[in-house]
Ligand SMILES: CC1=C(CCC(=O)O)c2cc3nc(cc4[nH]c(cc5[nH]c(cc1n2)c(C)c5CCC(=O)O)c(CCC(=O)O)c4C)C(CCC(=O)O)=C3C
Ligand SMILES: [Fe+2]
């Protein structure tokens, strides 16, 4: 079992990062939005969301919990693979974590990005961050950086360890509603809205979903939504419960089309259509971070209260032990394939496993192209 992770010698948890106090909020937002053309008004508004929570995003604490869950799971299963953590937008910054890892002698690092689906922000942008960090370390002559190689785990949206905890949390959310509205409650699966152009070009160029509206991003979310809705129907015996995939957290200029409908407009439509209640299921996110705490638990809930519509919100996977076990499974699967062994990928549903290595042209940026590591277009 001790070589089960070979050729890899470490796992890197790569995430978004968030502010840890009021003084961090503005510099954090500057990091997130550098060169991205987000209107000033939108930034001021998002800053207010963070100030409402004392300037502290829940995301760093959640990543520390996930880190602990991964280390505990690996230790319990005899997987002797160190786990490190670095972020795109806040400390611990990716470049600092990679510098330490290289100095500690790590050479083949596998990366888990905290984003389950194909899209520029959740996949290629992390690969660009890896390329920028590696280039900076090599330029500064950091010890070991020249030999450091990074690979990224395949997308995990359809892994049972991601889907099953959410089936359970959707059932728990339904249970939390008053009994009288439970059978008539509808499901609203939510994810981050992204510009239509980024959705339409998401996924590998050869992925059949890439030629459908919304690309792989929407196809993958629809699949997870369908899997959860089907399991919920089986468990509750309500077979014709309506469900929709809807969007949240839109930013950017108003004249640029982003994925719709927004969750708040959707709640209004559901109420008008006679829904007894709505369960919001944030399948687009891996933890209950700010997008969930503010955009759903604060803003969407306020909207529902105004409408007199009972709502509940399902928990994300967070540090669920089943998710930690899924990461172990993904690590072992990838390591085996890297050694030339054939191992069947573990997935649910109809779409099959995502590629191990992003091909050229996978999830391109809306404009411009930056070097991206851990893909076919990156030469180490
Ligand atoms: C697809 C997607 C995910 C899900 C996948 C994943 O998890 O990666 C995600 C996650 C997150 N997004 C987050 C925060 C922000 N995202 C922003 C802006 C944007 N997000 C976008 C997309 C996504 N974002 C896009 C297309 C933009 C426009 C600007 C750009 O093209 O980059 C802005 C700027 C202000 C605003 O405009 O809202 C903030 C502050 C946090 C941290 C939360 C916390 O602090 O707890 C997390 C986990
Ligand atoms: Fe975002």
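In case you wondered, yes, glycine gets a Cβ from its N, Cα and C as well.
What TrEMBL says about a protein is an automatic prediction, not a curated fact.
For 57, 126, the entry in TrEMBL reads Fe-coproporphyrin III binding site. The feature Fe(2+) binding site is assigned by TrEMBL to 192, 291.
TrEMBL feature annotations superimposed on the structure.
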residue: 57; record: Fe-coproporphyrin III binding site; Cβ contacts under 8 Å, 6 or more apart: 18, 19, 20, 28, 50, 289, 290
residue: 126; record: Fe-coproporphyrin III binding site; Cβ contacts under 8 Å, 6 or more apart: 14, 88, 111, 113, 115, 152
residue: 192; record: Fe(2+) binding site; Cβ contacts under 8 Å, 6 or more apart: 121, 247, 248, 249, 284, 285, 291
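DSSP assigns residue 57 (Fe-coproporphyrin III binding site) to coil in the three-state reduction, outside any helix or strand.
Proximity of the binding-site residues (57, 126, 192) to ligand 1: a Cβ under 6 Å from the molecule is found for 57, 192. Taken residue by residue with DSSP, residue 126 (Fe-coproporphyrin III binding site) is part of a helix. Annotation note: residue 291 (Fe(2+) binding site) sits in a helical segment as assigned by DSSP.
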